[in-house]
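Engineer: What follows is a structure written as structure tokens; I'll ask about it next.
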Amino acid sequence: MAELSATAGKRKCSQDMQVDEKLVPKKGLNLCSTRYGVAFIIHICNFIATAQQNVMSITMVAMVNSTDHRFLFNGSTEGLPGDSFRGLNDTPDSLPAGAPVYNWSPQIQGIIFGSASYGMLLTLTLSGYLAGRVGTKRVVGVSLFASSILNIFTPLAAEFGLVPLIATRTLQSLAQGSVFGGQFALWEKWGPPHERSRLCSIGISGMILGIFTIILLGGIICQTLGWPFAFYILGAMGCVYSLLWFVLLYDDPVSHPWINVTEKEYILSSLAHQIQVSPCKQPLPIKAMLRSLPLWSMFVCSFSHQWLIVTVIVYTPTYISFLFNINVRDNGFLSALPFIIAWVTGILGGHLADFLLTKNFRLITVRKAATFLGNFPPSVLLAVLPFLTPSYITTMTLLTLSCGLGPICQSGVSINALDVAPRHSSFLMGTTRAFAYTAGILAPSVNGFLLTQDPEFGWRNVFLLLLAINLSGLIFYLVFGDADVQDWAKERKLTRL
């Protein structure tokens, strides 16, 4: 009876956590604290890793043979950024003469783009599991260094041929999957429950900043220095930062040598109800996880949201060029604008979510509201776009709103695993992202097929399909999503009381 009473009390504490957080002293919310420094370190890590992952989207413009007219505009509507910028054909000398070019068809380019996601499916889940056992510092630090080295060797691999290039990109995706999947184990020990939305949103927003920067500056680098230098610069940045990572980051407040004692006690006391039993000693309840509808709702919704993200990232430059036929530099400026707005809203969305929790909003209400705002309005705005008369103002307004609202989901389904199973959250966050990244492989292929089969209405079909997929995943999550700690996440704790 004592065990059941204690368990019931902890369940109620988990369900009504947002009410109790009002009792937290204000000094625990210091933005200059060590835990926010950890979030900033992850922010820069994600910035570099995401820029490395997406650099090919902009360098492909300079890498393909712009004098080969077999793959002109109708072929470019396969949704591949490289082929969309054929407006550069009238200025062939705008790119450095020493940079090599290749005669890759849109289909080959699609394979190259997809190779950036192949390895992630294997390492996202595994890295989340390993990070929960050996620590995020080792898993992410080694993976970022490996990804950076492979990024430097990408131009050389392209010189040796298509197969070495795809193999290099696939190996790099293995490392990048470990970077993205292994980082969430930190918040099991660093993130007070009522601050997790903002801490995670600060870290994840580095991905958006990386996309914005490489789209904005990638074209300039290609035009001034040559496309290989885009890989060299990002690879060098990653190598240097991976060394700083090992110096600056610590896996928990207890081992951090510079943290304030008051902050350390504050973090440990706020997590006391969920760190009494070390997760390293608990087996994963795989069967119970497979039967959990809240988990499946996270997987399905994450997949549908990633379909939206991939479409926006890869196809924004393509769609702008399709409508306005502008050069790569101007296209980069226009394409980058929505992402800087998304970076701001992603961070503000996390702060708003935590603010609502202090105002007695239920945790599940906040998670579902953030997920709804990050999925429904963006997909509807994109679906409407092909039916409107194209203009700079209309197109850029809708693209900016769609891209800007998407990151609000970072405070919703993207971090829901920290709520339903905090002891296994690193494994589940990695698994969720692995499930989502299948959209990174499927979306370019499916959308490219639609654009090739129907050049006249291809964009309409792409955006309507996006709306259908996004709504399906969103509805499934709104019906079955949960934010309470699941029973299977407590079973091991009950046997040890």
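Cβ coordinates are placed from backbone N, Cα and C, and glycine is handled just like the others.
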Engineer: To which of the residue ranges 39-58, 139-158 does TrEMBL assign the term transmembrane segment?
Structural biologist: 139-158
Engineer: Can you say which of 111-132, 336-357, 369-388, 462-480 has the most Cβ pairs under 8 Å with the transmembrane segment (139-158)?
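Structural biologist: Highest pair count goes to 111-132.
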Engineer: May I ask which of the stretches 199-221, 227-250, 295-316, 369-388, 434-450 has the most CB pairs under 8 A with the transmembrane segment (111-132)?
Structural biologist: 434-450
Engineer: For the transmembrane segment (199-221), give me same-chain residues lying six or more residues beyond its boundaries with a C-beta closer than 8 angstroms to one of its C-beta atoms, as numbers and ranges.
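Structural biologist: Distant contacts of the transmembrane segment (199-221): 35-36, 38-40, 42-51, 53-55, 57-59, 61, 183-184, 187, 190-191, 227, 229-230, 233-234, 313, 317, 328-329, 331-333, 335-336, 339-340, 342-343, 346-347, 349-351, 353, 407, 410-411, 414-415, 418.
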